Structures are given as structure tokens and as C-alpha cells.
């Protein structure tokens, strides 16, 4: 109870303003009350993602919290959070992510001093790992990559990080293309796919070839190349059948489709794939992924992004979050290169979100300490 008595009624936070895409600082945000299966986390560090500007810009919800990835300390637990039901306990250092800019749960958002998080939608930070490193791993990227790679609705890859795919006798592991390998999602995808036993070919600028190779990519191609798709198809001996498109633009989709071998295959994009583009090659099965669906909640978004509650996917997500904890504790995955700001706090977060929006960040994960 001593920890509870130190928790204020209101807090500092960033929220959506009445102007779409503009974040507003407040000192009177109510500290959230807990549901029985939630924990209250005092936030220490947050990591930025493209969704931190895309959601407030494209899905304005004035007053809603913003920010997804976080790390911090559990300072209060809900009535159902107890040993035998949940692994987390009071005082644990944890990391994870929430669905921010959420009109159904406007209190959610990690750019704050305190957040309420479901006790099975996070992972415990191992001893010796700094908060800013844990925040940079978070759950946005690793969750979306896991969903895209291994769920039956998407690539449904054979093998897993725990049980790598076994090639046929005398053969080589299958290829997977990660389009956009020098992004935070890209370097995480490369690591997880390599753990699962695959060969990985990726795209980025030549300046980032060494970066993606340091995370395990077998071959990198310049995404500016006019014959990119044909070059990848030739390099993979016309056998590529799995593609993860982090960029998910009309151009990247066409290049990905051109890379897939004659027999066709599976494509998953990290943005909504319009039907008119998805169907340009009949031998390719296309899907797109939204990481927040792993929480199993209703997604109240328009423009084709919304979805009803999905308990099955929520159960899959909870299992993946636990697998993420195991990967972190085993030293199997590491974050994207970190640009850490220890001083600027909420002002720095606002500036960082604007940098992401202007496309000024490359090869770095922006992380801020909450001061």
C-alpha cells in the first residue's frame, strides 16, 4: 500500500488536440483506474513508432492518449492479478505496448507518467537490461512481425524461433523477402526470421547495407534499383514465395510481386492493401497486418482498418507476448539502433513525432525518458 499512497490523482501526459495530427501537453490527465486484469505502470521510457503520427493525423480523437511502446515499473495491480493467474507482480520492471489514439479507450496512451496495461499484454524486463532498451523492443514491432510471419491468416511460415524450419536433405532453407529492412520493423523481422531458420533477402539504401547485414540479412538490394524485382527473383533462383512488406506502398507491392517466383506465394503488407493492387498477380495471396489486433479488442477505425473483437487472435497474441519475453530473456533479439534523449521529456517526444512525420529518421529508433 505504500506504493499506492505515492500515486497522484492527475498526471502529465500528451493527448490528441482538437487539430488532427497535433499533440497537446496536459498536466491534469487523470491517472487511470484499473480493471481487475490490469496493472498500473509508472512509465520510465517510451519509443516512437510511425503510428504515433499516423493515428492522430488519420484518425483524430481529441483528448485521446497517444504513444504505444513503453517500459516502466508496476506500481499497482488489479484485483485479479495474483500468482498462478498472471506472471507479473508489484515492483516488476515491464515493457509492452497499448492501442493509443483509441476512441473506445481514450485513456490509453504511453506518452504519460502512468498507464494501465492488461497484465498479459506485456513482458518482464530481465536484470541488466536498461529501461530505454526494453522500450525500444516494446511490442509494436515484435508483435506485428510475429503476427505477419506466423499466423495462419498471413504468411503462416513453417518453423518458429523456437523450432527452426528444417530444409530437405541436401537443400537450403526457404527465402523470405523483407522489403524495408533498415526500418525498426525490418531489423526485427530479419532477426526473427533467421531464428526461425529462413534465409532473408531485404531492401534498403546502400548506406544501410551493413546495418541489415549486422542483424542477419543474407543479401541486401538497393530499393532504388530500376530492376529490383527481377534482380531479387534471379538471386533467389525463381523460388521466393514469402514476402513481408514493411513499407507497403503501391510501388513496394509491385516490386515485391515481381520478386516472387513463378509458382507464386504469399505477401503480407504492414498497411492496408487495396483490392485493386492485391489482385494484380493471381498466383499471389495477399494480406495486410495491423499489430494492435493482437490485443483481441474491437478496433474502432474507419477506412477499412476497423475490426470486431477477435478472442482467438487475442489468445494468439498473449502467447506471442510470452514468447517475446522468452526471446528477450534468452538474448535472442535486440532492438533497432537507439537514439536516446534523456533530457527533453514530453517536448522531445513532440519534436520526435514531427521528425518521423517529415521522414527525417533513418536507421534509428527514437527513445525518450519520461522526466
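Each residue's number is its place along the chain shown, starting with 1.
Using the three backbone atoms N, Cα and C, a Cβ is placed for every residue, glycine included.
When other Cβ atoms within 10 Å of the Cβ of residue 206 (NADP(+) binding site) are tallied across all protein chains shown, the result is 12. The NADP(+) binding site annotation in Swiss-Prot covers 51-54, 182-185, 205-208, 223, 270-271, 361-362, and the record cites similarity to another entry as its basis.
Secondary structure at residue 140 (substrate binding site), as computed by DSSP, is helix. For residue 140 (substrate binding site), the number of other Cβ atoms no farther than 10 Å from its own Cβ, over all displayed protein chains, is 26. Look at Swiss-Prot and you will find 140, 141, 142, 143, 144, 145, 146, 147, 291, 292, 293, 294, 295 tagged as substrate binding site.
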Give me the largest Cα to Cα distance among 140, 141, 142, 143, 144, 145, 146, 147, 291, 292, 293, 294, 295, the residues the record lists as binding substrate, in Å as a whole number.
14
Around the substrate site recorded as 140, 141, 142, 143, 144, 145, 146, 147, 291, 292, 293, 294, 295, what other same-chain residues have a C-beta within 8 angstroms of the site's C-beta center?
97, 139, 289, 317, 320
Between residue 146 (substrate binding site) and residue 184 (NADP(+) binding site), how many Å separate their Cα atoms?
14
Could you check the binding-site residues 142, 295, 361 and say which one's CB has the most other CB atoms within 10 Å?
142
Compare the Cα of residue 361 (NADP(+) binding site) against each of the binding-site residues 140, 291, 293 and report the nearest.
140
Using a 10 angstroms cut-off on Cβ to Cβ distances, just flag whichever of 51, 184 is the loneliest among these binding-site residues.
51
